[in-house]
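Novice: I'd like to ask some things about the structure below.
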């Protein structure tokens, strides 16, 4: 279309003006990256499959490391595994007695960890389909959980304003991080495992894993931050909030680089694409939106019939998954 061609031409001119002095090989690499972004913009993502099985809202969703499976967590108290290619439900884990907020594959994909309003963290064996460990120490509601890249530890965010670092083999609490004024919605290890980013109140905290000290605090949101995540290259943090915005932060300087304001209700989840050039967000406004990091422009929008609670991107960036209040999981892909 005319608008698409206009966007492409303006994008090429803008970037080439900045980069025109670079060497030939670097210029070729830049052009290939630009063409890839343009392909995503022009072709867009299409709905490939709808997965149904949960009886209540899907609150957390994540690809396995090889992108062949999906793990989902739901308010129906279950954790489920799905096959990406066929959409078939492979396993269902029952044991939680209240809403499950999140679930993650371990790096080796043999284990799943889940957290719940019931105050437990549970580990599940993917191969035999059984619960292998339950951590329950009067923690209170647990709102997020993440594996360290080496698979040795988990970090969890709690309603009681604490963040806890646990050894998964012994179940021993290695450290407790204090620095939020409200419950912690989001916790994530950096790709190298040396840092943690957390959110829940209006502040985003960046932590040193070894010392447990706060390295930097990012302030700018006007309401609670629902999610904060590292970029794949660990240079930036992207956050979303009850204030309806998505924001990008420079880790080194602490400066807010971009703010996206197109959502009209709480933004529940966000995720970087592998190339660090695109971000996807989902919202209670019933949309999934795609953003170009460099230009700050919205690339594409999906409008749905239900609030979208969670989203994830495959490792190659070719597929996106989302979970909603209507109990459905949707798989989107480039055609």
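Glycine is treated like the rest: Cβ placed from N, Cα and C.
Keep in mind it's a predicted model, so treat the numbers as computed, not measured.
As listed in TrEMBL for this protein:
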type	residues	note
REPEAT	51-92	repeat 'WD'
REPEAT	93-134	repeat 'WD'
REPEAT	135-176	repeat 'WD'
REPEAT	177-217	repeat 'WD'
REPEAT	218-259	repeat 'WD'
REPEAT	260-301	repeat 'WD'
REPEAT	301-335	repeat 'WD'
TRANSMEM	20-42	transmembrane segment
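Quick one: how deep are these features, and who are their neighbours?
Specialist: Long-range Cβ contacts of the repeat 'WD' (51-92) within its own chain (Cβ-Cβ under 8 Å, at least 6 residues beyond either end) map to 98-105, 107-109, 112, 114, 116, 124, 126, 129, 307, 309-316, 319, 321-331.
Counting only same-chain residues 6+ beyond the ends of the repeat 'WD' (93-134), those with a CB under 8 A from a CB of the stretch are 56, 59-60, 62-66, 69, 71-75, 77-81, 140-147, 149-151, 154, 156, 166, 168, 171.
Long-range neighbours of the repeat 'WD' (135-176) within the same chain, counting only residues 6 or more positions beyond its ends whose Cβ lies under 8 Å from a Cβ of the stretch, are 101-108, 111, 113-117, 119-123, 182-189, 191-193, 196, 198, 200, 207, 209, 212.
Among residues of the same chain six or more beyond the repeat 'WD' (177-217), those with a C-beta under 8 A of the stretch's C-beta atoms are 141, 143-150, 155-165, 223-230, 232-234, 237, 239, 241, 249, 251, 254.
Model confidence over the repeat 'WD' (218-259) is summarised by a mean pLDDT of 97.
In terms of DSSP helix, strand and coil, the repeat 'WD' (260-301) has 0 helix, 23 strand, 19 coil.
Remote same-chain residues near the repeat 'WD' (301-335) are listed as 39-40, 43-52, 54-63, 65-67, 70, 72, 74, 76, 82, 84, 87, 262, 268-275, 278, 280-290 (criterion: CB distance under 8 Å, separation of at least six residues from the stretch ends).
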